[in-house]
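Here the structure comes first, spelled out in structure tokens, and everything after it is commentary.
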Protein chains: 2
Amino acid sequence: MSKRPLILVTNDDGITAPGIRALISVMNTIGDVVVVAPDSPQSGMGHAITVNATLYLEKVDIDGKQLEYSCSGTPADCIKLAVREILERKPDICVSGINHGSNSSINVIYSGTMSAALEAGIEGIPAIGFSLLDYNWNANFEHCKPFVETITKQVLEHGLSDGVVLNVNLPNLEKDKIKGVKVCRQAKANWVEEFDKRTNPMGRDYYWLAGKFVNMDNGEDTDEWALANGYVSVVPVQFDLTAHHAIQKLNTWKLN
Amino acid sequence: MSKRPLILVTNDDGITAPGIRALISVMNTIGDVVVVAPDSPQSGMGHAITVNATLYLEKVDIDGKQLEYSCSGTPADCIKLAVREILERKPDICVSGINHGSNSSINVIYSGTMSAALEAGIEGIPAIGFSLLDYNWNANFEHCKPFVETITKQVLEHGLSDGVVLNVNLPNLEKDKIKGVKVCRQAKANWVEEFDKRTNPMGRDYYWLAGKFVNMDNGEDTDEWALANGYVSVVPVQFDLTAHHAIQKLNTWKLN
């Protein structure tokens with residue numbers, strides 16, 4: 001048995017995406033890597049799981065360097081299958097990404113990348129989702145690598161509190177333009193959808209989801225502020241969704 | 001213009017499910033109802049949105065009593081389309097469900113029912129997800145109705161704090177066996193998956209997701225405790241996922 005950490009790698013852009021290839025190359029310098037990732041892009045899947053369909057898992061060899069499986073399911077499915085069907089022991093860390101595009105602020109809710117990290121967290125595995133603020137398939141991930149390495153090593157060294165995973169976003173800037181890493185809270189922001197309504201050749205209307213991201217939060221402790229000001233943002237994220245602060249007030253209602 | 005509240009109704013089991021029909025019948029006693037719900041079951045969709053496919057919306061008449069649209073997308077898509085393309089003003093409340101099956105504790109993460117409620121919350125609409133602990137299509141929802149009515153009216157009267165929606169689960173008990181309503185926190189629980197591995201007629205292996213729900217939290221302030229002891233559980237849920245308590249510790253790490 002190797003003493004190197006066992007690292008589970010996944011993403012939501014699909015197993016051949018340049019972002020996961022960059023992530024794998026960094027992880028190979030840190031530990032023993034097993035990749036279980038979707039066979040096709042899964043963006044916007046949120047925390048979907050496959051309950052009413054079959055799941056396929058296929059051993060693939062993409063660059064001959066590590067054990068890799070492509071999966072017909074969602075990012076959350078990949079984690080479940082990796083833990084139950086593939087890995088012989090619980091991995092020391094799970095990393096997801098590098099996503100092609102932002103998962104900052106409210107995007108965490110819609111993110112397949114972060115859903116995989118949360119699923120790993122639910123399994124008790126320290127987990128990080130990484131995203132680069134560049135939606136291009138041919139985005140350059142080189143400048144991300146030193147940050148990915150440092151943050152991963154820090155998580156391996158310190159561990160993460162029970163119920164907490166990290167959401168890391170990297171600005172799309174050259175390496176020497178990035179000012180450093182900031183621990184942040186999720187900014188209050190949302191998408192204002194502007195559906196693009198069209199008519200198909202059969203005369204039936206359909207819609208494309210479009211929209212504009214609106215940040216309503218100028219706090220300098222937010223991920224949006226950090227990213228806009230040249231920092232890598234690190235937000236600790238939890239899957240206990242209870243709004244504990246609201247419980248006291250609800251107890252004054254006439255619910256019975 | 002009616003002075004009655006405008007109520008947006010959706011679900012994740014599909015527009016013809018008995019659960020949403022029960023919910024609509026209660027809402028018709030409270031206000032003016034518009035239904036925008038998926039045209040087919042979407043269970044386990046988490047907070048998925050449709051970003052790479054077209055969306056269809058069709059006006060349907062199921063019982064002639066209210067305006068209804070079936071949508072080809074996810075529960076979150078339904079809310080976005082309702083707000084941007086269908087409703088002339090922001091609804092006074094959004095209710096989602098009644099789900100055929102539990103969305104208590106960690107199930108909130110995988111729940112399409114709650115994803116619709118969260119999406120409405122992100123839009124600034126007071127929102128509630130309702131679920132009955134009975135997975136049967138022919139579940140009896142009659143005993144749910146008085147609780148659904150009371151909780152909905154309380155939300156209309158008091159409003160909800162910014163960023164908070166309610167996750168309501170109802171035990172599968174006769175009306176006079178239900179002890180009342182309890183405001184709770186999300187129990188710490190998870191699913192231990194046991195994939196059912198099979199081989200298809202072409203000789204290829206595939207998996208069905210199966211699994212056992214494991215509650216690791218005996219707290220009497222949890223939704224699992226309330227439900228197991230005959231109460232309706234009400235958990236306030238938030239979409240700011242920041243683990244604020246973890247920030248201080250992360251700031252001691254060597255991230256720069």
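Using N, Cα and C of the backbone, Cβ positions are placed for all residues, glycine too.
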**Prompt:** Can you tell which of B:N28, B:N99, B:N107 TrEMBL lists as binding divalent metal cation with B:D12, B:D13, B:S43?
**Reply:** B:N99
**Asked** Is there any among the binding-site residues B:D12, B:D13, B:S43, B:N99 whose Cβ is under 8 Å from chain A, and which ones, in sequence order?
**Response** B:S43
**Message:** Most Cβ neighbours within 10 Å: which of the binding-site residues B:S43, B:N99 is it?
**Reply:** B:N99
**Number of Cβ atoms other than its own within 10 Å, given for B:D12 (divalent metal cation binding site)** = 32
